[in-house]
C-alpha cells in the first residue's frame, strides 16, 4: 500500500539535461586551450626568428672584422702607387655606384608607384562601394584628370582609415559577444547550482518519507496493535505532504525545462559568437597584413625623404660655402684692383717725370754744346735718369713691399683692436670723471643763474636811469641843433657882411669848423641823405663813447622804443671798440619795462640755453660710451679750458666792420656773448640796400681793447654832458659784467669782481669746451656771399645755451628751435648754395631734420664736421673712424643722403630739378601749396623734396610701410638699421638675409614689389596715402592696397576664417598687381584653404580674376589652368615696367648709382626676382607634364 502511494521518480531526463552546459563549458575551455597553444607556438617561432637574426648579425659582425683585417693586409702588401690608383678607381666606382643608385632609385620609384597603383586597384575593387565617391571627387578636383602619386597616397590613407574603422567595429562586436558569453556562463552556473540544490532537497525529502514509514511498521508490530485512528490520520497527513511534494516537483520540472531551453539558446548564441569571432580574426589578420605593407611603404618613403633632405642640406652647405668663398674672392679682387690702380698711377707719375727729365736733358744739350761743365752736369743727370729707370724697373719689388706693408697694417689693426678692448677700463674711469665734472659744472651754473638774476634786477633798476639818460640826450640834441642854427645864422651874417655867397661856407663847414675841433671823428660821406637828427649829429661828428649810442640799429630802436619817443638816430655799423657797449645798451633796452622784454624773456632764454646744455651733456655721455676715439676726444677736450680760449680770442681779435642790419634785428635779443651775430663782408647788394634805407657807411673804429675810454681831444664837457658820460660809463660796465664770454661778475660791477673773473674762466668742463669751439667757429672766416645767410641765427647759436633751464622749458621752445633749424636749411636752399658751401650748423640741422640720423650720430657730426665740404668728401672708412658709424647700413644711409644733396644742390643740376624761382628747395609752406595746386606737373620735385625732407624716414618705413606690406615681423631690424626710402633700392640679398634677417625668399619678393610700387609713385608718400584712401571701399587701384586691405577684401568674400592667415605673410596689393606669376592657387595656399573645400576655392578663383581685371593692368590667361603655359620671364617683365615712373630729367638729375631703375632694366637689382622654393620646405603638390610648382612660405 505504501508502494502504491509513493511511486518512484525517474531522474534520467533531468540528469541528461544537466549535462548540456558542462559540455558547452568544456568546448569553450578547449577553444581557449587551443588559442593559448597557438599563441605559445607563435611566440616560439618569434624567439627562433630572433635567435636566427642574432646569429646572422653576429656572423655579419665577424665577416666585417674579417673584411677589415683583409683590407689592412692588402693595404700593407700593396705599394703606394697602386694604392693611389685603387683610390682613384674606388672614387670612380663610387661615382658610378652613385649614378646607378640614382637610376635604381628612379626605377624603384616608378615600380613603387606602379605597385601602389595596382594595390590601390585591388583595394578599390575590394571596397568599391565605400571608395567610389571619394575617387570620383578627387579626380574631379585634379586639373588634368590624372591621379598623381600624391593622390594615390591620399587614397591609401583614406583606405587605411576605413580599414581601421572596420577593425574597431569588429573588435567592439567581439568585445560585446565575449561580455554576453560571460553573462550567460554566470547564469548557467546559477541554474546548475539551483538544480543541485533541488536534487538535494528531493533526496532529503525521500529519505524523510521512508524513515517515518519504517518506524510506524515497527511500532505496530511491536505493540501488536492494528491500524486504528492514529494510522489513518498519519496516512492522510502523508498523502497531503506527498501531494504538496508532487506539486513542487512539477514546478521544478517546468523550471528545469525553461532553463534547458535558455541553455540551448545560449549555446546557439555562443556558436554564432564563435563564428563571428573567427570572421573578425580573419579580417583582423588581413588588416594587419595591409597595415604591415603600408608601414613598409611608409618607411621606404621616409628613408627616401631623409636621403633627399640630407642631400638638400649638403647642397645648401656647399652653396653657403661657395657664397662665402665668392665674397672673399671679390674682396681680394677689389683690394688687388686698388693696389693695381695705385701702381698704375705711380708708374704714370714716373713716366711723366721721365718725360720731363728727357725734355730738360734736351734743353740742356742744346744749351751746353760748348760748355764742358754743363756736359758733366748732363752726365750726372743721365746717371740720375738711369737710376730712375732702374727704380721704374724695380716697381714690382715695390709692389711686393707694399703688400708686405699692407699685411703689417692689418696686424697693427688687430693690435689696435686689442688696445681698444684694453681701453674699456679707461673709458669707465673717464665716464666717472666726466660725471663729476658735469655735476660741478651744474652747481656752478646754478650759482651763475642766481648771480644773473641779481644782475637782471640791477638792469631793471638801471632802466629808469636809461630813460632819464634818453631825456637828457634829447635835450642835448635840441641844444646842439640850436647851437648849429645859431652858428649857421652867424656865419650867414658874416658872409653877408663880407660879401661872400653863403653856399660855399655851408659846403665847407664840415671840413672847416667841425674838423678843426673834432679831428679824430670820421666824417659822413658826401651825398648821404640824413634825417633831421642825423644831420645834426653828422655835423657834430662822433664824440668818443657817444658813437656807440648814436650808431645803434634802427630796427632795434623801433622794437624797443615806446610810443611817443623820439625818432631813431641814424643806423650805422658798429666798430670793434663799441660792440660791447652796444650789446649792453641793446640788452638793457630790450629788457627794460619800456621795451617788449622783461624778466620772463630772460628766464625763457636761460631755460632754452640750459636745455641745450643738458642735451649736449647727454649726447656726450652717449658718445664716450661708443668708441675709444670719442672717449679720447672727450678727455682731451674736457681737460682743456674752453672759456680761456674764448676770452683770449675775443680780446685779441677785432670784429669786421660789416655788421648787417638783419643780423642785429634777429628775433632773440643778444643776451650773451655767444649770440654775437654772424659777420659777412660788404657786398654790392647790401650797399644798395644801405643806400635805399639811408644807411651811411663808416670806417672801422678802434679795436675792442680800448674799452670805455673817452678820447682826450673831445671838447670840454658841460655839466649835463659830464653827467651823461658818467651814466654811459656805468652802463658800459654793467653790460661788460653781464657778458657770457666769461663767468658772472659781481652784482655791483666793481673792479674787485672784474679782477675775480679770470679765476672763474678756468672751468674744466665739457660746457666750456663746447662754447669755446663754437665761438671760434662762429668768429672764424666770414667767407659767405649772402648777407641774409650771414644774419641768420645758426643752430649752434640757438642750441649752445650756457645758462638755460632745461627742466622749465615746454614743447613750444622745442618747436621754436626746430623752426629755427628749418629756417637755416630753407635759407641755405633759397640761396642756391651747393652742399660743399654749407656751414657746420646747417649740415647738423640737415642731418637731424631731413636725414633723420640718431642723436648720437648728430652729436658726433657736430663735433667733427664743420662744413658741407668735409661731409661730402668723407670716405666710408673715414665715416667709420671719425664719426664712429660702425653699422654698414648706417653708413649707406649717410652716403646716399650726401650723394642726393650734392647732386640736387650742384650748379650743374638740370633745370627740371629746380623750382620756378631757380632754387633747388622750397620751404614747407611753398612745397605744400605747390603740391596742392600743381600736383601732376611737379612730381619729380615733390619726390625729391619728400626724400630730402625726411618724410619717408626709417620711422615711416618701420611703423607704416612694412606693416602695410604684411611684414611687421622685420620692423625691429629695419628700425635698428635706420632703413629709409633712399636705401630701399640699394639693399642687396646679403644685407637682407644677414642684417635685416629676411631669410624667406617670398618675403624678399614681396619687399621688392613694394619698392616697385614706391618707384611708380615717385616715392610720393601723400599720393600713396591718398590713393589708398580712395580705394578703401572700392575695387580699384589694387597696386596701393595694404596687407590689411587685402585681408578685408578676403573677409568680404565670406572667407573670414581664412583671412587671418595672411597676417605677416607679405601679401599686399603691389604683389597682386605686379607679379604676373601670382595666381589664385598661390593665394589659396597662403590662405591655407584645404583642397577638399572646392566651393571656397572656386569662389576665390572667380573673385581673384575679377579683382585682377578691374583693379590692375594684368590680364589673366583663360586657358592657363588647362595648357599649363609658363609665365614670361621676370627679366623681360621688369625691363619695360621699371622705367614708367621715372622721367629722363629725373634720371639725369640723380647721382650715379642712386636709382638703379632710372639707369634702365634693373641695373643692379638688390635681390633675385625668381620665386625660389623656400629653404627647408617641400612642395605640397606636383603637376603632370613637368610643370614647376611654386610654393610660398607663410
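Every residue gets a Cβ built from N, Cα and C, even glycine.
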In Swiss-Prot, the entry for phosphoserine among 17, 504, 547, 1182 points to 17
According to Swiss-Prot, which of these ranges is coiled coil: 1014-1040, 1041-1067, 1068-1094? 1014-1040
From the set 666, 683, 1127, Swiss-Prot tags as phosphoserine just 683
Looking at 676, 714, which residue has the phosphothreonine feature per Swiss-Prot? 714
Scan 207, 753, 786 for the residue that Swiss-Prot records as phosphoserine. 207
Using DSSP, what's the helix, strand and coil tally for the domain 'SAM 2' (953-1017)? 47 helix, 0 strand, 18 coil
Looking only at the domain 'SAM 1' (838-904), report the model's average pLDDT. 85
